[in-house]
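A.B. asks: Shown below is the structure under consideration.
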Amino acid sequence: MGETTVEVRKVKNYINGKWIESSTSLYEDVVNPATKEVICQVPLSTKADVEYAVEAAKTAFAKWSKVAVPRRARILFNYQQLLQRDKEELARLITIENGKNLTEARGEVQRGIENVEFAAGAPSLMMGDSLPMIATDVEASNYRYPIGVVGGIAPFNFPMMVPCWMFPMAIALGNAFLLKPSERTPLLTEKLADLLTEAGVPDGVFNVVYGAHDVVNGMLEHPDIKAISFVGSKPVGEYVYKKASENLKRVQALTGAKNHTIVLNDADLDDAVTNIAGAAFGSAGERCMACAVVTVEEGIADAFVAKLKAKAESLVMGNGLDDGVFLGPVIREENKNRTIAYIEKGVEEGATLVCDGRSRVSADGYFIGPTIFENVTTDMTIWKDEIFAPVLSIIRVKNLDEGIQIANRSEFANGACLFTTNAAAVRYFRENIDAGMLGINLGVPAPMAFFPFSGWKSSFYGTLHANGKDSVDFYTRKKVVTARYPKPSFD
């Protein structure tokens, strides 16, 4: 008897309020990284699909931009309530597609919802300013307006939170939006789009086109897309920034990271170990705010390494849907193999392997265990490169200043953390570290939605960051009106 073939569902693009098939004949499998099960197929869409979506967005923008700001805000409040209603379903979709455990997925959903809540404050955010007397009988006012059709290119590692940095604010401020999500996590995006429609967002205001290079290039080249928001790797981010800038678009490109954490002798050791283990190994290290390097003062180093090793070895690895699991898989086989190659490179270059994640590789999914290196130096590949996996390097230092100097040598400058009870050390750290987001006695210094996600150096290309007031400026343009009203006689 022959084998039974189970047909896998093909995901569609979301354009002008409808799910429609892509014009492509090329599809890619979407795989549950914990089980290697094919859960659907995603289209590698074409520039023609981008063109269709942009036309729909452009048409919708003409009406949506004229909708009263409080009305747009109420729709965003509706959306927030629907996301709250379906939080558990959203979290499960994230775990199935991405692999992170359910607790982390629920946290991501909550951060996405918080971004929607911030965007729902559009009436306050869009307010301009004025000066009633700049000369005799002359006043001036500054107004904000949406910029048009904008595009977002999002990664696989935060399939809800990162898109929610982008489209809720953009559409709340009156723009129309085209999202290219990661082709590895399409099901979560389907749910986000359906809930937007349920919330009352008109057809064409929000559109989704799945794909790879052709879709990205179609967005970067299209003259009717006025701005591009990107989150992803450094090489792709550089390309997006250059290409979009050449085509005279606004661009914000949030790229790679190599986040350093400094642990001083006076730190609460157990607290530091718990937070650093979560920051380094949570989400399988696949996040731009992961702790990648720890510089620890010599007086506490032996105890720190021993406790961190024990903590890493105690972490439960497995399918994120299962109770008690902390560490899920990396996203794909090639990511696992790339991580193994970095571990081998670290050993080859002379680092000491304290905890070897290769010993916990599983055939069931794309799993690799927590990995810790000691005796790492700044000329080693594992210190320089963004590995994007549960791999942590430890360097012993004499003092805070040496730890800061090491961190500042990195080409990346997304985040940095300090564990200490010394307020003077905190101030010195804040004033001398080259990084855009700092954490004191915490492992992941990602800010709330109302502050900018403010990476420095090769972690960000652009002027206006995602989130906070920067995002309002990014998605709006200003119009200044100077008016003269000659004073009549009221005598």
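For all residues, glycine too, the Cβ spot is worked out from N, Cα and C.
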A.B. asks: Need one residue: from GLU37, GLU51, GLU374, GLU386, the one Swiss-Prot lists with ALA154, PHE156, LYS180, GLU183, ARG184, SER233, THR255 for NAD(+).
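C.D. replies: Site partner of ALA154, PHE156, LYS180, GLU183, ARG184, SER233, THR255 for NAD(+), according to Swiss-Prot: GLU386.
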A.B. asks: Name, in the order they occur in the sequence, the residues of the same chain whose CB lies under 8 A from the CB of ARG184 (NAD(+) binding site) and which sit 6 or more residues away.
C.D. replies: VAL30, VAL31, GLU97, ASN98, PHE156, ILE331, ARG332
A.B. asks: How big is the Cα-to-Cα gap, in Å, between ALA154 (NAD(+) binding site) and CYS288 (active site, nucleophile)?
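C.D. replies: Computed Cα spacing between ALA154 (NAD(+) binding site) and CYS288 (active site, nucleophile) is 13 Å.
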A.B. asks: May I ask for the distance between GLU386 (NAD(+) binding site) and CYS288 (active site, nucleophile), taken between their Cα atoms and rounded to an integer number of Å?
C.D. replies: 9
A.B. asks: How far is it from THR255 (NAD(+) binding site) to CYS288 (active site, nucleophile), counting Cα to Cα, in Å?
C.D. replies: 8
A.B. asks: Give me the Cα-Cα distance between CYS288 (active site, nucleophile) and GLU183 (NAD(+) binding site), rounded to a whole Å.
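C.D. replies: With distance taken Cα to Cα, GLU183 (NAD(+) binding site) is 19 Å from CYS288 (active site, nucleophile).
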A.B. asks: Around the C-beta of PHE156 (NAD(+) binding site), how many further C-beta atoms are within 10 angstroms, looking at every protein chain?
C.D. replies: 20
A.B. asks: For LYS180 (NAD(+) binding site), which DSSP three-state class applies?
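C.D. replies: In the DSSP reduction, LYS180 (NAD(+) binding site) maps to strand.
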